[in-house]
Amino acid sequence: MKSTNSKKESKLNSVMGLFGWGKKDKVSNHDRKPAGHKTHRVRNEHKRLEKPEQVNGERKKAPPLPKKDNKKQQFTTDEVLTFDLDPSKKFHHRIEYYSGKSEQIMIDEEFLLEDGADPEKVLEEMKKKQQRLNQMEKEEAKLSHNIKLADKENKEKKEKTNEESEAFKKIKDYLKKSPASDRLDFTQNLLKMAQELGKDLTISGILPSFKTLAKDNDSVKMALVDQILPIASFTIESHECEEYDKCVAVMVPILNEFMYDKSENVKRKAVKALVDFCDLLTPDDRGNYILKFMLELAHEEGDEKARVTALKILNKVAGKLDSELCEKFIVKEIKSLAIDPFSLVRKNVAANLNNVCRSINRDCFLNEIFPLLTALGNDKEDEVRNSCVEQVSTISGACPPAIRTGELEKMYIKFMIDKNKKVRVNAFKYLGKFLDTLKDLEIDQEFLELYIETGLRTKAKDLQFYCAYNFPGMLYILKKDSWEALEELYVKLSKSHDIRVKKTLAHSIHEIAKIVGSEITETLLIDILNSYLRDPMKEVKVGVIKNLHQFCSVISQQQRFQFLKIFKLASEENSMTQIVAENIGDFCLLFSEEEVTKSLLPLFYKLCKSRMAHVRKAAARNLAKILEVYKGNLDKQEDILRDINSKFGLSRIFTERQSYIYMSSGVMNKNPDLFSKFMKCKMCRLSKDRVTNVRIVLSKILSEHIRENGSFYFDKEVNKAIYILQKDKSRDVLHHIQGVMLTVSEEIILKELEDDDALAEEEAKQQTQHEVQPQETKQAAAEEEEEEESEEEHEGEDHEPDNSEETKQQSTQSSEQPKGTIENKQQLKEESEQPEVEPDDEANNEHQQTEQKSAQEEQKNSDSDVEAQDSKGLSVDSSGESADKPMNDHAADHADESRENSESIDPSSDDAPMET
């Protein structure tokens, strides 16, 4: 027994030492309890010892409190009290002092080691206990840390609130003291201030100022309404954030107050802002804030204008609400307002039904809204019936076909024969919209007869205009079979002297020709079209020329030739050159290859060289359509492209090179094979053009092609041109090409650029070698001419000037000599023909001779410069006449910049540099 107990005691001592507890004191024999005493377990955890304990029947004082340990912030002791209640069983207690302020003694759990107990289990229990203690300490540390963080946050919030309150005070004082102009400027810049201050200061500082601004004058109110929606969209991120509630609580009541404002402009803007504000609200808030207020506004008995505003808002908001809310609240409110005693309210009820009809079910529409519309259509007031006319044409699309051809058609016929002229004119005005809803349906014959009878008999210009305006729609619905009934009306309308009638018929004659066919067009409509072409008003001519290619597509090939001359003549008028340039491609598709090459292709070149930038641009884009005329003739297509390359691609005028880029863009998209064979290299070479405007146009075209994923998206030449343009010094060029991504690696592009530079150097060397020989021959000829001139001068000094036959022979011989000596001999002849000078006038004559010599020297210098220029760009024939030499690619790149920049540029065109 003693051996086992000693082992257990040693194990327990080791465990207690592991946890930092004191060593177990040995128990003396005189302190043992008497034999036969019952054993019991004492568990006094978290017990406060207020009275002294009794040990072995004797009263023992509580131990004194130990001193405070500043490092651990707690009181500890290593004293272990041992209670021996039984010789075989021992109880060990450890006393700890956790708090010095409360003077509370905490007694730890006892550790009982009985006979048969496993020391390992006891050790595990002690470890678990230590882990629990560590967790408690960590939680206490976390609590203290969180308390510190909360204190910091509270301090920061207090500082922010102080700053926000100070900012709001400053704004409030500024609004009170500043004049009206400054307050207006302040409200107009609210969004900028909000973006600079941030969302928090906007809500706490700027948002409270809305209430003071809402009480200002009308101009400030209107400016505030304009700023409400942008600031709300800036601050509100989601419906769950705090900013949403604060913005809605401030802004919506302000907009509601503006509905009662005296100024109509403020009301109109507030209505629009409130409708747009619905998009930022949740579905529940739309019903709570917007719909609730509108219903209250609609019940204003003493103010009919307030009810009108409520109707307008209800119609606009109906599309943003659920169908159930519309049927429950909006439809009922509209029905009650439809029987309002004021005609102004009933008129607005009829005018504000379109969105309501779209947002409700068909059953509700047929049972509630349609009877209401028929009642308003039979109203006594003319204004109410007039507003119903427009709604019939819009509501007809929501009705079933049986109601359209039945009740609605009869209602519209009543409007066409109404006693009020405004109602009749309005019915003919919206006749086209109503006829569009009757498409593919049978129309009542009474409807057609009324239309024809009104158009033939009326003398009112408004009715004639609307009859002419809706004539193509009527013919389209009734089709070709109704032409016999409508022909008389059309002929009468075509003879009208009203410019509005002639203009609308001239713009729509091609549509009538498509419906009627070629026979009626050739017999009747050609004469009417010729009369429009002879009209003195340009607006009528423009309407014909604009759609002439569509009209000519209906008639035969023989009849088309008479309009070819008209199309050419129209290109000479400034008001129609733009239209001709836009339609020349479609017009070429109507004629044969011979006629296009003979007449229209030269016109195309002329338009591409126009002085107006928009004309050049519109014409050049039609090259792809012109090439479609020669679809089966590949040789002709190649000849045209070679001609364009020489005339435009290698031109010395920069505007023609711009036209070449626009031509290439059309061919690049529609015929990539021809483009890659004839135009790609020359167009990409213009990326190094000396004129900035040419590079700007090229950057636009290439950026559009790459962004649209064109057929040359991965082409090396195109990517190389883009790379060169992206390294350009001009900001205008970079503005269009800077964001374009290259699809070819830069290494490949740089290698090709190096190869191009090497080829250019070789070409330059070859050109210099060819230019050296003619320069040497010219120098030798010039030396010979100088020698001959010196000899002639010596001969002139020896002989006196006379008019004998010898001088005449010399003059004839001089004409046979080379061209370089002609000018000098003419000068000698003039000197020989001059009379003898008197001694008094010798000084004046000497002065004149010196001036003549200086002029001759200047002329020689200019002639030598001209010859040097001609040697580069022109070739001289044996007869002495200069012929144009075809330019190569290198010469085109180094063209004369002075000539290029001499062309005038329209600052509004695409050719002008962009302001950056």
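Just so you know, glycine gets a Cβ as well, placed from its N, Cα and C.
Because TrEMBL annotations are produced automatically, they should be read as predictions rather than curated entries.
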With TrEMBL as the source, identify the stretch among 119-153, 154-188 annotated coiled coil.
119-153
So what's near the repeat 'HEAT' (251-289) in sequence-distant terms, Cβ-Cβ under 8 Å and 6+ beyond its ends?
210-211, 214, 218, 221-222, 224-226, 228-229, 232-233, 236, 239, 297, 303, 306, 309, 312-313, 316-317, 320-322, 325
Summary of DSSP states over the repeat 'HEAT' (251-289), given as helix, strand and coil counts:
32 helix, 0 strand, 7 coil
Just to be sure I understand, if DSSP states are collapsed into helix, strand and coil, how many residues of the repeat 'HEAT' (600-638) fall in each?
29 helix, 0 strand, 10 coil
